[in-house]
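Since the structure comes first, as structure tokens, the remarks are kept for the end.
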Amino acid sequence: MSLLFALIGTLAFAIVAPVLGCLLAGLDRKITARMQGRVGPPLLQPYYDVRKLIEKDNVSVNSSEGTYITCALVFTLLAGGIFYSGGNLLMSVFVITLAGLFFIVAAYSTRSPYAELGANRETLQVMSYEPMVLFMAVAFYMAAGTFDSAGVFALDAPVVTSIWLVFLGLLFVLTIKLRKSPFDLSYSHHAHQELVKGITTEMSGKTLAKVEIMHWCENVLFLGWVGLFFVWANPLSIVLAIVVVVLVYFLEIWIDNNFARVKWQAMLSSAWAVAFVAGFVNIAVLAYL
Amino acid sequence: MTFATKSPWVIHYDGSSCNGCDIEVLAALCPGYDVERFGIINTGNPKHADIFLVTGSVNEQNIKVVQEIYNQMVEPKVVIACGICACSAGIFHDCYNVIGGVDQAIPVDVYAPGCAVRPEAIIDAVVQGLGILEEKSKALQAQKKGA
Amino acid sequence: MALLGFLILFPLVVAAVLLVVRNNRARSAIVGASALVIGLASIWLVATYLGAPWVTFDFESPLIDYASTAVSVLVAAAILYYGIRYKNVLACVLAVIQVAGSLVFEFGFAHSIDVTEALYLDSLSLLMAFIIGVIGSGICVYALGYMEDFQAHEPEGAKDRRPVFFALMFVFLSAMFLIVFSNNMVWMFTGWEVTTVCSFLLIAYTRTEEAIKNAFRQIIMNLLGGLGFLAALYLSAIQLGTLSFLEFLQIGIQNPALVVLPVCALAFAGLTKAAQMPFHTWLLGAMVAPTPTSALLHSSTMVKAGVFLLVKLAPVFLVCPVPSVMVVLVGGITFALCSFMAISQSNAKRVLAYSTIANLGLTTACAGVGTPEAVWAAAFLILFHAIAKSLLFLCVGTAEHHIGSRDIEDMDLLFDRMPRLARFMMLGIMCMFIAPFGMLVAKWATLVSFVDTGQVALILLLAFGSAATFMFWAKWLGKLSGIAGQPANVEVTVHKSEWTAIVVMAVLVVVGCVCLPIISQLVVEPYVYSVFGVLGQDIASTNLWIASIAAALIAIVLFAGLGRGKAKKAEVYLAGVSADNEARVYRNSLSGESAATSRNMYLDGIFGEKRINPVGTVACAIVIIVAFGFSAITLPGLF
């Protein structure tokens, strides 16, 4: 993979991921509404929301917040670009963490009591899911023999056959990463769960629009990680991966609608316990057996 | 066309309402009326909201709160007074501690009377508010282009 | 070779001069000039020998042998003196053992063994020389301004002991150069002991009760390590008949069974010096010293001597399982547990201390794994840790003198109060833990090398430790970034010498991260190749370049992009009526006024020292004892 390839990948991701992510978000809201016995908004509602946010007046509590969020968005796109252009999975993980850090710092920089609380919780969320995500990358490497996501196309069988335990662990932390209840501690999609608006409390207009777009792209990237488990040399496997991704997304929506938010202690201990059992055991088995 | 009308996010503030109107506001969000069909979301954060729904009248204690929420909302924005208390202070009009309707504190765009205001009336008021929101949004766009 | 001699001897001369100069301006001039000379000389050395795989210098001198023994004896005598003066029995006993041990060794064994090539140089030594020469002397320059403020804070009539302080700093540099260039293990040992006693004197500088106590803790632990080194010298001389470090390594690689015990003993010395659990308490205690001391001990010298020795031993660890397992486990456990404990700390210097210990743990674990890839990672961990940590220490020291506290909570709003300093501090913090900066690239390589060698336990420790690392750095970064109101700028009184040193470190951070692929190619890969005969590097260069570009981008944003937003200023949401929004004061429910404040989370109930510390101390102590038990069994003739 050359630098140019990663760059092209990033540009392509920057165009495709927001579209896909927006549709996914719209689908999420429709399905959620149906689960609650409502009709729900149009499929394109997230798109309307973001367009409206861009139209809003340009105000900010300080002169740095917007810059941090732009950085977060750019690095999210880079992370997606690296992953979908067949690049290094671990690199993608690290860069998306960097994007997360910029998001956190943006909230801290406002020094607003509510945003800061959200930032604190977001930091805890990162700490909770990080071990499992690292285990995922490591287990993928052990199963596929490479960190490059393109490496799956050379496999005889999808990696999920040997690291299904890690896959289950990933599903668990995916709830945190997709900001779904019960682990939507820092920033919830649902107003009724939220203390003001958590980490995004002070963000408005264009800045909030960037956060939304970043969130769409993040989701597309994370679901890509899920799909990666089911792809092998057979080109049809991509269809299988997409089906699995859709099912997983539906599962996450179902979880979102059926569980109340937990305390951070429960999130941290359960996520680390799952990482230990699923990630560590699976890696130990791969290494020693 | 502006997108302001397609995704009006709402912040709801209870001034000194007896909670009758508040229940109706929430009822509008519930499955029976499901205003999310029109992209309406209850945000609870003035910085994210486009429409300010106030129930209850304004008094000495809450007038500054109403004003601060209004000031923190980002342009373009619309204020809807929900219920007769918010419109004109209703039966509390002559109380020693009541200043009056919401328009005593901030400019109100749409009045939705009723005791309590019915969800249909709220939806109707929001739809009217959307028209005003669109005008304000267009004015802001023009101003941005001009600047 | 003249350059090596110059680097070792010149700081000594400077130290002697500084000892007698009592004039402040003269001292500033001397320190500044000699720091520049040492820095340039080490850069010149690096430039001259860049890419050189392995250079040894024919040089032997019985005179220097005697001199180094004399220095060892002097060192022990100094410890004995302080031990008696402050009535510390253990320190006295250890010092006596050491005097006796080194005298018997020199006249009984070492005398008959010639080391014909007493000095050597390879790419790792070059890397270390760069760290000592540039970062170490940068810290000396920083100390000029810092110590002036420090002296001003001292009570009236306190004796000005700065000449001794600066002399010790330069002796330290000299001893470090001696360690990294000596092939003669006796000379190396001398340097080793000199650093121990220098740091003892530097830690005890303030002469408070706490400082004395911590200084003795340091000296006792490091004397134990020194005894380990001495034992290794004995074993090497008796069993293998050599005192040349290179020969020792070669024998070890070819015949690992022979060297199990001496390598264990040397590794033990390295572990104590690198402040690994259960010996980490000396480094925490060293925090009572003035900040330049902490910076020097943590970043460029002292602890780096420990990991340097361990990395040197890496090829032996690769073939010699007992010491390897010991080093790997101690390093890994130290990394994870010290990262946990760092979460619970709000004192900036303690957070830095724990993070230092944790990163040294990771470097140690890499050395223990011993594969080319792990050594590549270890070299970068050493380099970036040295640069970023010294930058952070200098920033914290300066902040402490200007805001009157070293507590992270008090660094609230530093972004406005000390705008330049806060940005430098943020750069240092980011370099410590997040992609695409150097430390993370090194950590990445570490992870890959652990996976490749099937070190499952290490992967576990690394994954959980890294998550904790994110937590404690991110919340500190967040605290720094806060912007509210227009607090007074207190930065204008920072000394020029402090700025010089801080800017040098910051430039090094950026240049280091951006030029990482080049450094890898010119310095680290030659070393790996010269030791293992293969190139070990498990991150594709494309990814290194992506990281490099991203690092440059972030540096630009940090120093040129922030604070330029053109949006209209809005007030923050305080859920009610603001009384003074800039100060986050609102009208509360009793119509009074309250200020909204928040502290970071420290999770003391989960990651507190009380819970974690005993676990790590016991676990690591058991590992070390068991390893020594095993290696003693292998000693021929013992059983």
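Here the Cβ of each residue, glycine as well, is placed from N, Cα and C on the backbone.
Curation plays no part in TrEMBL annotations; they are all automatic predictions.
On a predicted model such as this, the values are computed, not experimentally measured, just so you know.
Range annotated as transmembrane segment by TrEMBL, chosen from A:47-65, A:66-84: A:66-84. A contact between the transmembrane segment (A:90-108) and the transmembrane segment (A:213-232) is present, since 3 or more of their C-beta pairs, 6 or more residues apart, lie under 8 Å. Taking every listed stretch (A:6-27, A:129-147, A:153-176, A:213-232) in turn, the largest tally of C-beta pairs under 8 A with the transmembrane segment (A:66-84) is reached by A:6-27. Only pairs six or more apart in sequence are counted, and the transmembrane segment (A:213-232) with the transmembrane segment (A:153-176) gives three or more Cβ pairs under 8 Å, enough to call it a contact. Long-range contacts of the transmembrane segment (A:6-27) within its own chain (CB-CB distance under 8 A, at least 6 residues past either end) are made by residues 41-47, 50, 77-78, 80-82, 84-87, 213, 215-221, 223, 249.
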